[in-house]
Amino acid sequence: MSIALDMDASAKMRKQPGSSGWSTSSTPSCSVIVPAFRENLNLRPLVTRLSSAFASQSSSELANTEIIIVDDNSRDGSVETVSALQSEGYNVRIIVRTSERGLSSAVVRGFREARGQRMICMDADLQHPPEAVPSLLLALNGQKSFVLGTRYGVGVSMDKDWPLHRRIISSGARMLARPLTSASDPMSGFFGITKHSFHTADHHINAQGFKIALDLLVKSGVHSTDIAEVPFSFGLRQEGESKLDGKVMFKYLQQLVELYRFRFGTVPIVFVLIVLLVLALYIWSHVLAPMLGA
């Protein structure tokens with residue numbers, strides 16, 4: 001069950017945009033999907049920064065972009081914040097899910113309800129810079145059907161200040177996905193896809209999976225030449241708490257097994273060997289090293 005808070009089309013047409021300056025057309029050409037849980041404090045800065053980013057572009061298509069917040073029944077004032085933003089003329093709506101949970105299924109729900117032919121997924125915590133969204137959308141306006149915001153592009157490094165063991169784990173995680181896709185950052189949650197490519201993958205998507213971008217990269221069947229990459233710097237969380245915990249790596253490995261079977265029908269031995277190495281590093285860094293005071 002879910003509750004959608006959305007102004008009716010006629011009301012949108014009568015509403016004069018406030019500081020947003022967005023088009024209020026009922027048929028947006030682009031959609032930005034934002035899965036959220038207890039992110040109320042970040043919603044206003046997210047929407048207003050997106051508005052400013054679109055306003056700085058000369059593209060009329062970008063001006064006609066909708067934002068869809070898919071909220072897992074946070075009850076933290078998110079609905080009221082979106083309602084206030086709507087009254088100010090921002091093209092934003094919220095879907096409140098009362099019986100479903102999880103980031104991947106929230107993204108899938110948003111993509112299914114999006115009216116734009118070009119769709120972007122981004123986090124609500126402002127670690128994905130709203131100012132980079134126009135570049136991702138423009139990258140889909142051509143021959144590309146998938147665009148990935150990468151933290152490993154030229155001049156960008158997310159993990160340069162990480163400890164050695166964490167950098168090795170990060171590199172190992174990307175290495176494990178290499179046979180599945182040539183994308184430099186398949187674990188990124190900042191990505192875009194065309195409606196057509198999403199529909200190709202929709203019946204095969206694991207909505208309970210972990211990394212939805214990787215799932216879509218594999219199951220939409222996009223060729224490496226159809227993937228664009230836009231480097232971005234991974235920002236600091238502005239409000240709220242990080243939802244990462246020690247289970248994320250194991251969820252990722254479970255997803256990789258499912259994707260290898262989907263793509264190749266089997267799991268190669270090299271995958272098992274790298275998994276054992278990554279697990280050994282994880283156990284050392286999170287269990288043994290703290291016990292030994294290393």
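Heads up, residue numbers simply count up from 1 along the chain you see.
Just so it is clear, glycine is given a Cβ too, placed from its N, Cα and C backbone atoms.
These features come from Swiss-Prot:
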- 1-263: topological domain 'Cytoplasmic' (TOPO_DOM)
- 17-27: compositional bias 'Low complexity' (COMPBIAS)
- Asp125, Gln127: Mg(2+) binding site (BINDING)
- 264-284: transmembrane segment (TRANSMEM)
* Which of the listed binding-site residues (Asp125, Gln127) has the least company, meaning the fewest other Cβ atoms within 10 Å of its Cβ? -> Gln127
* Asked: Per DSSP, Gln127 (Mg(2+) binding site) is which: helix, strand or coil?
  -> coil
* **Averaged pLDDT, computed only over the residues in the topological domain 'Cytoplasmic' (1-263)** => 84
